[in-house]
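Presented below is the structure to which this report refers.
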Amino acid sequence: MDYNRGTSSSSGRYGHRQSSLALTPEEEPLDSYPRLISDLKFPNLLPPNPPIKILIAFCKNDPVFEALVTASHRLNFEPTFVKSAETAIEAFQNAATGGHHIIVVDARYPRIIEADVLGRSIRNSKGSQHTTMVAVVKKNLFEKDDTAVISLLDVGFNRCIIESPHVSICSSELRQIQHSLVRPQNVISTQQALYTALHRSREAVIITDDSLRAQYANRASEKVLNMKLDEIVGRSLNDLVTADISNILSHTTRHKDYEGFISTRRKSQETLHIHVRAVPVSCIGRNPTHLVLILEQTSGTTLSALASDALQALPHGKEVARGSLHSIRRGSFDVRSTASDGLRRTSLAKLSQLPLEAPITKVLSLLAQVQENCSADESKLLDRVMEFLKREGLYSPQMKEIRTEDPVATDLIGALLTQGPTNILSSRRSSNDSIIRGGGRPSTGSIVFNKTRESSQLSELLNSALSWDFEIFKLEELTEKRPLVCLGLELFRRFDVYNTFCCDEVTFKLWLIEIEKKYHSDNTYHNSTHAADVMQATACYLQQLSNRETKVMDRMDEATALIAAATHDIDHPGRSSAFLCNSDDRLALLYNDICVLESHHAATTFRLTMADDKINIFKHLDRESYKLARSIIVDMILATEMTRHFEHLAKFVSVFGTDVDSKETTHDNDDNQILIRRMLIKCADVSNPTRPLKFCVEWARRIAEEYFTQTDEEKHRNLPIVMPMFDRTTCSISKSQIGFIEYIIHDMMDAWNSFIEMPEIVRYMEHNYSKWKLFEEQGINTLSDIKRKQLTLNSETTGSSSIEEL
């Protein structure tokens, strides 16, 4: 066989073949064969046909490598050679020389080049959807175990070939790959131009399968249906419209176009009449496989327009006297009331002329209109309502009154809700007391992820990564206090974060390593294990939300939520914001005593990520996507600040109240999405009391130790003591947990459970609360008491502490 026939010329075009059958349209001159009628009716786009670039990733220059290199030159390919997975990713992602058509990876030595990791990373890289990946494997792999081959195909490889040192065999393999995989991919790649045209079209276009389930929707369809694209795609047309669609099917199944009107109910509950054209398409066989629906919004009146007209038709003060006939004031009138009416109307007129209008302004305007037509008593009540609405701290309720006989709870809750410097001079302790210093820099020891990743114990543990009973402390032990990298990669993989960010797995791995290094390993609580635990809780919540019929969070929401959870306490010094303010710490000076720690966590996250392209997980996002991701991550990290706890909770309850079905509340509203994300990370951050008892007790011991260490340092430095009751010799840990659950956790988890429908968190919370009360009665208070109790809890069987028995 002549392998030189049809190879690339210097211009990059393939030579004219003698055969009358062209594999691709560009291989024959336009006049070399008659044009079909279908080609004129549905013209084809000529696919790209540049010189083929091949990337060969081999760790050794052995005979197999030499044969592939020689074969590549024989076929006039443009080869690039690398010796590691990292350099392969860099070469492929290079803007000037990357974008290879074929990537050949040596999968024979997994300890040197992890082919599965490299495959996933390439597939998650931008522009890899039409790249052909080939794995070179040993011959005995085919003969003994096909699971390894299947696993390579599952991670994104298109083909596995047996190692061979013969140039002719390698040339044959590459030639077959060129014709059977690369050229069809070039043809498929032309679809991107068509999809781009559809996406920018001003006409709303939806493409469905033969059962009218949406497979594609363009941007214009978002405006017509008032839905996000991910809420349209995958749903049946029956769910999107209120009209009977059987008439559409009766026409299109007979290969006839349909034209008519359908009605749809938008998320704002408006009924909209839409003109639709339905065109059947047969991709395979003779029967229609897809329908192209072109939607055109009619100029009919919507319900919102009718509501606006009705609002404008409301009688004003000059038209109708205040109050109904049976409630008109008699005998005399109140001069102050009359004057206030005039002032109210004057103020309202000025308010309506302002160029800016906030939602609260609209509410006040509507209440003022209602007030013009109500009784005197009702008007007074509305006056009080409007006064409340005008206050700045609308969603900042006062903290519940704490029992004076519970000083530990008073200390804890008060300190959590205190941001700035504390002036409790009377609570100073003697500077002669002992001190245990904490919060230092982390160890620079090597990451043991590559070693532990292969262990069967770790693999078995990660299989339960989305279980609420996940053994986080077992993971901490297996990874030698570096659990964030291991768990983070697993959760990113499960939630498809790599594809969402168009970024490879290696970049995410390097990013997680750097993020975990910035956590202080000598903090007993605020370390990378806490970050991994919050990330795992976030993932459980996201999984629960994904099971709802109505989609609450899209892929970007899920990805950014996991990133925010992983970084929400990065570089935490093991001291509270109040401590930093009292001690004139550089961070308190930098952030003006306002949201000190959370601002530092958010800033550190992006400063660290953007400083090095090798760990920049945002590098392939476009500007708008990056701005969106950054705003979500920053907002979620700032939401973990406890001083605004009641504000966030009050806002969430006001929208997704526990007394109404939260499923009926629209989630696509931007403000509502913000509330959900804030509540999600807040609940994940303080989820310890809602975990199984043995985990709850361990976390309580760790946070108490960190608070004790802070108090020790405050006494040593003669600083105001933020939590005087957290003295390691006298404090009751049980009381602190009882107060924490009563005043912070209980209401929040009740509200969150009513929204997310995850009853185990409430059952565990109530069980743990009763146990802490029992511990207090039994005198189990100090650190030593808690440690002894933990031995008993750890010796119990897992069945005795399961959720079913609570």
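Even glycines carry a Cβ here, placed using N, Cα and C.
TrEMBL entries are annotated by machine, without manual review.
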Next on the checklist: Checking feature assignment: region 'Disordered' per TrEMBL, candidates 1-27, 433-459. Which range matches?
Outcome noted: 1-27
Item to check | Cβ neighbours of Asp569 (AMP binding site) where a neighbour is any other Cβ within 10 Å | outcome: 25
Checklist entry - Which whole number is the mean pLDDT over the domain 'PDEase' (450-779)? => result 91
Next on the checklist: Highest Cβ count within 10 Å among the binding-site residues Asn527, Gln737: which residue is it?
Outcome noted: Gln737
Checklist entry - Out of Ser528, Thr529, which of the binding-site residues is least crowded by other Cβ atoms within 10 Å? => result Thr529
Checklist entry - Reported in the order helix, strand, coil, what are the DSSP residue counts of the domain 'PAS' (190-244)? => result 25 helix, 12 strand, 18 coil
Checklist entry - What's the CA to CA span in angstrom from His568 (Zn(2+) 1 binding site) over to Ser528 (AMP binding site)? => result 10
Checklist entry - Highest CB neighbour count within 10 A among the recorded positions His526, His530, His568? => result His568
Next on the checklist: To the nearest Å, how far is the Cα of Asp685 (AMP binding site) from the Cα of His526 (active site, proton donor)?
Outcome noted: 11
